[in-house]
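Chemist: Just passing along the structure, written as structure tokens.
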Amino acid sequence: MTYKQRNTNQLAIDLITLSRFNRYNPLLATFSGVWATILAGSHKITHSPNSVTSEYVLSQALLCFICSFVFCGAGMVWNDWIDLHIDRQVARTKGRPLARGAVTTSEALVWMAFQFISSWVLVSWMLEGENVQAAMLPVTLSTILYPFAKRPIFRRLHIYPQYLLGFTLAYPSLIGTLAIKPEGNAQPLWASINQSLPMFVTVFTWTLYLNTAYSYQDVVDDQKMNVNSAYVLAGSYIHHLLVVLAVLVLGAVGWQLYGQESQWLWGGWMGVWTWSFLGQLVRFDKSRPESGGPLHKENFALGVWTVFVCVVELLIGGNGC
């Protein structure tokens, strides 16, 4: 009994590790939805003060956080299963539970299915059964395709895995927008898509930036295996690529904030991100691929900071001053 109990406990630990729940990475998948929910709620409170409460907005943001977190866990399992033969050859990934044989394929797939179904149920609850397929199917498809985009065949199509990852992490901005229903509940889906577009572009470009820097740590092994990736293509121009991506991110943030008309957001979001990006680009060293790791962590901190900025914007009633 003791031996079986020890195995059960170890399996639970390995499954948590498989979904990266022991690390901060899945939290990156929660930012776009949480930001979008809070800012949509802030906008609604500003223009219709009695239509919704801050408590309701924050409860919807929490649901969006949980949905995104759990869905990301399922995506991590799928990625490791498809990339199993690659992970076993890369120094940074060969210790993952599937790669080292700590979790069987059957166990991993059951765990993945449980997380996916849970996230679908939570999204349905949050959206009160409306637009659930529109919220879940596109991001599910991009998650399925993501690991395959690392194959050389996708290079011929000029499709890189960062594109699909960016789409996957940015798409919850639509879910967050849908979570705050407009007055009269009459807004069509296309209008919600249009409303969420600036946030989508912000998170999409931000993901390209931070993932390119982070994944550059594997550039030596990936070049040997001819892995399809933007940082492999960039080669010695990796620093130039990061500068271009940083400019695109800040431009997208400006687009998002232009519609918010908030001095607080301009200072707390745009100001802090601009200063941070300048420091990151100075510290990144293409001759030391490992320098991309700290940059990735700093961007996670920016994501957490921006949640705080959005919450303050909500609590001050969207006045931004």
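Cβ from N, Cα, C; glycine included.
Swiss-Prot feature annotations, pasted as is:
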type     : residues : note
TRANSMEM : 26-46    : transmembrane segment
TRANSMEM : 57-77    : transmembrane segment
TRANSMEM : 107-127  : transmembrane segment
TRANSMEM : 132-149  : transmembrane segment
TRANSMEM : 159-179  : transmembrane segment
TRANSMEM : 189-209  : transmembrane segment
TRANSMEM : 232-252  : transmembrane segment
TRANSMEM : 262-282  : transmembrane segment
TRANSMEM : 300-320  : transmembrane segment
Chemist: Counting CB pairs under 8 Å, which listed stretch among 26-46, 57-77, 107-127, 300-320 touches the transmembrane segment (159-179) the most?
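Modeler: Maximum Cβ contact count belongs to 26-46.
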Chemist: What parts of the chain pack near the transmembrane segment (132-149), using Cβ distances under 8 Å and only residues at least 6 beyond its ends?
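Modeler: That would be 71, 74-75, 78-79, 82-83, 116, 119-120, 123-124, 159-161, 163-165, 167-168, 171-172, 174-175, 178, 189, 228.
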Chemist: How about long-range neighbours of the transmembrane segment (262-282): same chain, 6 or more residues beyond its ends, C-beta under 8 Å?
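Modeler: Beyond its ends, the transmembrane segment (262-282) has Cβ neighbours at 213, 239, 242-243, 246, 249-250, 253-254, 295, 298-299, 302, 305-306, 309-310, 312-313, 316, 318-321.
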Chemist: Against the transmembrane segment (189-209), which of these stretches has the most C-beta pairs under 8 Å: 26-46, 57-77, 300-320?
Modeler: 26-46
